[in-house]
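Below is one structure; the comments refer to it alone.
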Amino acid sequence: MASTAAPGSSTDRWSAELRAHGRRVTKQRLAVLDAVEHSPHAVADDVAAAVRTQLPGISLQSVYVILSDLTDTGMIRRFEPPNSPARYETRVNDNHHHAVCTGCGKIEDVDCAVGHSPCLTPSDSHGMSIQIAEVLYRGLCADCAAKG
Ligand SMILES: [Zn+2]
Ligand SMILES: [Zn+2]
Ligand SMILES: [Zn+2]
């Protein structure tokens, strides 16, 4: 029963979501979702390395294509911290923000204090209907602060 790494319940959930977004359920897509779910805020290279433990032959390019497609469906959220490649996570649709340590680059999730998007009201919307306010917290983590 426990011969494979991916737990059945998670695979079933991802399969249902893929079908709901009109995507075929492939082992490549499932492996990418599994990898991103288990290491939130991973960069594409790290996702590819994790996927290769299950699918040794998959190319980095294929992983990029799948990440980009799944980001389009909304199943994966992509964000780009300053001075870093894009990061991916499966925590979507909750308008959470990120806190980035300017010392070591560590990234933490921060629940949105308001809980819906946009959580900041622009002083002047210039006639646009504003949908998202991108909030990024930057500072020093406790470890970096302790090092002075
Ligand atoms: Zn730090
Ligand atoms: Zn996050
Ligand atoms: Zn917020």
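Any Cβ shown, glycine's included, is placed from N, Cα and C.
Unlike curated entries, TrEMBL annotations are predicted automatically.
Pulled from TrEMBL, these are the features on record:
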BINDING   C101, C104, C141, C144  Zn(2+) binding site
C101, C104, C141, C144 excluded, remaining Cβ within 8 Å of their centroid (Zn(2+)): T102, G103, G105, K106, L140, A142, D143, A145
Within 10 Å of its Cβ, which one of these binding-site residues (C141, C144) has the largest number of other Cβ atoms? C141
Binding-site residues considered: C101, C104; fewest surrounding Cβ atoms within 10 Å belongs to C104
